[in-house]
Amino acid sequence: RMFHDDELEESEKFYVGQPRVLLLIYALYNTLVARSEMVCYFVIILNHMISASMITLVLPILIFLWAMLSVPRPSKRFWMTAIVYTEVAIVIKYFFQFGFFPWNKHVDYTKDKPYHPPNIIGIEKKEGYVHYDLVQLLALFFHRSILKCHGLWDEDEKGDSSSSKGDTDDELSLTGGRRDSSASLKSVNLAASVESIHVHFPEQQTAIRRKSSSSISQLSHRSSFSSHRSKRDIFKNINHTTFSLYFLQCKLPVIKLHCGLCCFRTLQVYVPIRQFFYNLIHPDYSAVTDVYVLMFLADTVDFIIIVFGFWAFGKHSAAADITSSLSEDQVPEAFLVMVLIQFGTMVVDRALYLKKTVMGKVIFQVILVFGIHFWMFFILPGVTERKFSQNTVAQLWYFVKCVYFGLSAYQIRCGYPTRVLGNFLTKSYNYVNLFLFQGFRLVPFLTELRAVMDWVWTDTTLSLSSWICVEDIYAHIFILKCWRESEKRYPQPRGQKKKKVVKYGMGGMIIILLICIVWFPLLFMSLIKSVAGITNKPLDVSIKITLGGYQPIFTMSAQQSQLKDLNQTGFSTFLASYRGNTAALQFLEGYGKEDITLADLEGNSNSLWTISPPSREKMIQGLLDFSAEFTVVLSWTIQRTLREVYPYYIKAPSDSLAKPIKQLLPDCKWKNITVSLVKNVSSEGVREWWVLNQLGKRFTSSEESLELFIFSDKVSPPSLGFLAGYGIMGLYASVVLVIGKFVREFFSGISHSIMFEELPNVDRILKLCTDIFLVRETGELELEEDLYAKLIFLYRSPETMIKWTREK
């Protein structure tokens, strides 16, 4: 070995011999040390999610718009700002915990009000008001100690001294591009004066290039490299900010004289911020990366959170699901607004990615950071009428959005890739990529939307139809390439029959799947109510009787104690009464005693009979007409018998229409009831009401009453109601026919696609598609047309296709 040290070797042996639990603790600690910067970010964001106040809002915004955009790492000034700000916040919160402040006298009343000023600012009195701030301060000091151990805490000061020594060097006088790390980070010194900019003007030009993370040798290497550059190249790369700074320092007395101190302080803040973002947008070089896929996944997770937790972003905070709202043809406004905003940001992000514009991404990042924080912490609490810290779904959505902000800042800092070729799922050829890519293409309208957006925001000479044609050919060839690679990895010997594992495994699964699809509606509708169904008992049973179109003579309803359940003895007696009646027993087989409700309705009407005198006279004349089919006894009580008008047994199905049960009625005849008009003459006047009585009751012994049996059908659980609500025919139409169409397409039309499916080697066609993508990205649009014409000719010529797809 080149380097050998006995002590280091003994130390390594000592650590290797430790227990695995201890080694795991060491590994976790080393991970914590290596990612201490991310730990600080996480604690700051967590503190803001829990506190949700203006005091804690400042640091998260600075993280996404300053720290994560700094190259190569946040400066000492940022960490000192975070530490001092946290300490000041702790002192302020402690000061406002005293009880002599007026708002601290009614804490229980105002603690849940989102727009209470102390709650918005963050100075309300509460238990554990400073716990997370102390954890945040501890994390910041922990990161500070790590930076000091690695000599990175005073890197800015060292960069200043090293740059001041080389002020006379030609290479350090004027260079274009981005400043080194110390000067770049120092450019965000919001407290620096314009005089300091004037004094260190050579330094501003000196450190325009980004410094690699450590050694002086690398700095000298860049210096020697740039010293060979001609004066013409040096002055060519001078950016306009340099001249603006020079103009500013020359006109400094004039600015102080005419604009005043306020304008001077504004420029004092504006110029470093402008320089910081200019260097960010126009780097001399950058480590290009591509994290668009991760950003898209973060946006997708947020989209799913909105769909399944949309109620958390609306006024009413009761838990609900989107399927129940959509089944009632209602689209919640909160759900619609959040979905459109989320989808709009995903489209804009895709456009910026395709155009590769860092300036647009920076502007979008600034707008999004301020807009999201303003919406989540100032608008949303007023909409939902509760604090952000009490909205778990909104907190989860915000945390995922913070992950997106971090990835977006990393993309800005490193720059967009110069080549965007194909789908991220087509980078390798295996079963995972194959099934994920096919699943991606099965999402409705996603493939079409992506293709159209790519055509709109990519420079090309192809028409939209030609573009879609190339995308379809590429997708088809990629799928074939995955299958050919799988055949090479798992070859099938020539002349050997298929193994039973493959036949019964794949074939058996397909058979079971097809059988389940065909018989799924019948199985679902029969099992959903008999096995998982719940009893839907009536809450109110009402009876209303009207004679001859006149004012109703009888209205009565039964609730609560008047609705009785049958016990086992009564149910057995009820079944025994229909022994020998096949139709009735077949009907009763689907019901249990818990599904039957006995309604005992009072015979006296619950409302007075109010009828006009002319109508009353006409009704009396009709009752006195002996040619009618029923007899009437006229006295103080008008009494007559209504034959076969009372249903007695009623079925309450899952829908809203209740029907009588003819199978339980003898000869399908309804029951008889008696109707009587009672007149009461008192000092208050004459009052009349009707009395009804059922003939041949089973369980009720009172003379003036009605007895009614209600058979309640079981209903499906609420979670499966959106499926069961369509019925058997609806399920067949939506499930069997739709899925059957896709299955039929898989089994039919194969002969028409043999020349495009049975391609032994697709590498040359795949390379041709990739070449089209590549020349498009490089701007060779004429060559793109030629290659596209070659691809179309290839698919038009079977002979050429055979030659191109032969095995090598």
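The chain as shown is numbered from 1 upward.
Just so you know, glycine gets a Cβ as well, placed from its N, Cα and C.
Since this is a predicted model, take the numbers as computed values, not measurements.
According to TrEMBL, the feature domain 'Piezo transmembrane helical unit' maps to 34-154. The feature domain 'Piezo THU9 and anchor' is assigned by TrEMBL to 289-526. Feature annotation from TrEMBL assigns domain 'Piezo non-specific cation channel cap' to 641-807. Taken from TrEMBL, the feature region 'Disordered' covers 155-180. Residues or ranges marked as transmembrane segment by TrEMBL: 14-32, 39-66, 78-96, 291-314, 334-353, 362-384, 396-416, 428-444, 464-483, 504-528, 720-743.
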In the same chain, residues at least 6 away from the ends of the transmembrane segment (14-32) whose Cβ sits under 8 Å of its Cβ atoms read 39
Average pLDDT across the domain 'Piezo non-specific cation channel cap' (641-807), rounded to a whole number
76
Counting only residues at least 6 beyond its ends, the same-chain positions whose CB falls under 8 A of a CB in the transmembrane segment (39-66) are 32, 74, 78, 81-82, 85-86, 89, 92-93, 119-123, 132-133, 135-136, 139-140, 142-143, 188, 365-366, 369-370, 373, 377, 381, 387-389, 395, 398-399, 402, 405-406, 409
Ranking 78-96, 291-314, 362-384, 396-416, 464-483 by the number of C-beta pairs under 8 Å to the transmembrane segment (334-353), which range is first?
291-314
So how many of the residues in the domain 'Piezo transmembrane helical unit' (34-154) end up helix, strand or coil by DSSP?
82 helix, 0 strand, 39 coil
Do any residues of this chain, six or more beyond the ends of the transmembrane segment (362-384), have a C-beta under 8 angstroms from a C-beta of it, and if so which?
52, 57, 60-61, 64-65, 114-115, 120, 277, 280-281, 312-315, 317, 334, 345, 348-349, 352, 391, 394, 398, 401, 405, 408-409, 412
